[in-house]
Amino acid sequence: MGSTIVEKIFSRKCGSDIKAGEVVMAPIDGAMIHDITGPLAIRKFYEMGGKQVFDPKSVIMLFDHQIPADSLEAAENHVFMRKFAAEQGIHNYDINEGVCHQVVLEKGRAAPGEIVVGADSHTCMYGAVGAFATGIGSTDMGFALKFGALYFKVPETVRAEISGKFQKRVGAKDLILSIAADIGADGATYQAIEFTGKTISKMDMAGRMTCCNMAIEMGAKAGIVPPDKVTWEYMKGRRKITPFALASDDDAKFAEKRTYNVADLEPQVAVPHNVDQGIPVGKVEGTHIDQVFIGSCTNGRYEDLVEAAEVLGKKKFDPKVRVLVIPASRDEYLKALEAGLVERFVRAGALVEAPCCGPCMGGSFGLIAAGEVSLATSNRNFRGRQGSTEGKVYLCSPATAAASAIKGEITDPREV
């Protein structure tokens, strides 16, 4: 019996043949904390008798949720974390870098075959480069910071094989919303989802990040794409690493195999209040919106902004709609700036913000009031996620977001 890519990663790290279902103590290659989860994780580290983190170069610290500090508590948390970073010799990506998951990948802090944990549920995004990456709680993170290892129950793998060519203005976000609707919010609980097939092979890294980012929305422990030439090209200049083969064996045991063909896939919208309620945009076309948010670790990359800008063209956004554009990182912001996208969005009526989580976390800025409707390219639409529990959040692609912002209502991007 062969092995899945996840089993191979754990086998390499543990030095023995590991199979799904086994509980192992595995060394980790990276541990990420941000300004919300970091303070508690650090306190847990100290409570466990921690004095020095296992490896300062393997600890990743970022500020992205409440930046610049929007409260006295946030400011004090930032000071606390900066002090910890200085004492421990940890490089801190401060308020000017961007959203944690985007920065981790841009800076080469996750690589094929590695095990990386983060005190944030969307850490699974790093699977886009072929890493096993998963979110953990602050207590586990305190342990990881001290010992550089964690107990894992090696997950089974669901293989999602994707084929076909996307229609115009249909892409990775539409795909993952449709997969979430198919599998369900808890249909892959504590499993890894392996994205594979010809469509994935042709997909750029931005699209792969979008897919892996939302694996958690199906309850998955991780999302992962086997590294290929797209992966190794992305890693160039980010990490000095010699390409190597890493993929599931043909005779590996999978918990389930699912196949999807994107040829007939329509633009998708996840309706309130669950991510797995994705439906074709036509079923909610014409729905009134008050705010459009283009950004987040799910869809705030340069490629996403290009997608939105192509729909926008020389048109204007509906003045009755508040449009927030928030690039996922400083690097993505600069690329958009140099390409003239920022000016185009501003002239169209959007507010372009500095890289951060923004409305996605529901506690910083860009919140919606009771009765208001937000259409967002982010990853969650739970009740109260972006403000009032009496507001509504719909999820969509950057193309659908831009088209809807132009029309002032949910709109099929193929019709703009």
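Placed from the backbone N, Cα and C atoms, the Cβ positions cover glycine too.
Annotation source Swiss-Prot lists [4Fe-4S] cluster binding site at CYS297, CYS357, CYS360, citing sequence analysis. Annotation for CYS360 ([4Fe-4S] cluster binding site): same-chain Cβ neighbours under 8 Å, separated by at least 6 residues, are PHE293, GLY295, SER296, CYS297, ALA376, SER378, ASN379, ARG380, ARG385, GLN386. CYS360 ([4Fe-4S] cluster binding site) falls within a helix when secondary structure is assigned with DSSP.
The Cβ of CYS357 ([4Fe-4S] cluster binding site) lies under 8 Å from the Cβ of ASP64, HIS65, VAL99, SER296, CYS297, SER364, each on the same chain and at least six residues away in sequence. Report note: the [4Fe-4S] cluster site is defined by CYS297, CYS357, CYS360, and the residues of the same chain whose CB lies within 8 Å of the CB centroid of those residues, excluding them, are ASP64, HIS65, VAL99, HIS122, GLY295, SER296, THR298, GLY300, ALA328, CYS356, GLY358, MET361, SER378, ASN379.
CYS297 ([4Fe-4S] cluster binding site) falls within a helix when secondary structure is assigned with DSSP.
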